[in-house]
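Beneath this line is the structure, given in structure tokens, with notes to follow.
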Amino acid sequence: RVLGQVSCELVPPKPNRATEGILFFNLELSPMAAPGFEPGRQSELLVKLNRLIERCLRNSKCIDTESLCVVAGEKVWQIRVDLHLLNHDGNIIDAASIAAIVALCHFRRPDVSVQGEEVTVYSPEERDPVPLSIHHMPICVSFAFFQQGTYLLVDPSEREERVMDGLLVIAMNKHREICTIQSSGGIMLVMDQVLRCSKITAVKVAEITELIQKALENDQKVRKEGGKFGFAESIPNQKITAFKMESAAVDTNNVEEQAEEIITKADPPSEIFATPILHAPGTAQIGEGIENSWEDLEESEREEEVEEEGEGEADTSECQRMETEDASTISKAKDEPIVLSDSEEEEVVILEPQEVPNKTR
């Protein structure tokens, strides 16, 4: 299950495409969909899926990007498609491509008017929003291969993806035009297998496109009548939540008698009990367990304390060393003569301690 959301914004165009709008796709894999996904991390699977969606939708020119231009070279519409994976049970790319193209078909951008250099953006109350200009609807269909291509499976689940030998993804529209094709898994496919997959893709894409058009027509009809649509219509029918378990009946008759039978058949408890071990005064633990660390310092606090003690000891030793050096220097000055050497004249003058002048060169 994938949730698709489309938003738009007026931005400057790209320098090399001054009269074309910008399309941006972003797929997110969160731990809400599966425990194996890590938040905020660009995994190899996520990068591959994002590139495949971009090739399927943006590179196939399914949307007229020139119709998104407002002022050439100055302002164009940037269409952003955010895809959130709600539940992962295999075959993410098919569900993501369907969610993206349906969200783009359902999206309406605000109407604008240009007078000279002034651009006016109208709210939905002032003018009806404008739908995007969509040429075709490319949809991805995945094929899983087993035993080096002997067996073929359409729309694999998560368990089937773990044991498959290779995967083939074909993006096609209802006019039987192939938009992109990608093979992964290191399996060699013969021409007949690829042609067979393309024929199956044409049938599946026609069925899915018909379902999408019916859903869009139904949504438009319900909106005109003022009924529930979108999340309001999906939540009561529990279409958004997944992995729903069937309700199981539990027999609650004769519960006490069954409990007594279980107790009588069970082995009696042992008479030897483990004595409690007191690790610290005021606390008691039954069994071995772990030691109480409530009064202990945190590891970071302990490291800071050790560093402060080390710095204090280093300062004390430095002061003591400087004092001893000063004392030794003074004692030498009193007992020994001072030798001054001149590098230019290469003369050595020996002075007695009583004859040391105040200023020396």
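Glycine too: its Cβ is placed from the backbone N, Cα and C atoms.
As written in TrEMBL, here are the features:
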type     : residues : note
DOMAIN   : 2-110    : domain 'Exoribonuclease phosphorolytic'
DOMAIN   : 136-200  : domain 'Exoribonuclease phosphorolytic'
COMPBIAS : 295-316  : compositional bias 'Acidic residues'
REGION   : 295-361  : region 'Disordered'
COMPBIAS : 350-361  : compositional bias 'Low complexity'
DSSP puts the residues of the domain 'Exoribonuclease phosphorolytic' (2-110) at 33 helix, 36 strand, 40 coil
Grouping DSSP H, G, I as helix and E, B as strand, the residues of the domain 'Exoribonuclease phosphorolytic' (136-200) number 16 helix, 26 strand, 23 coil
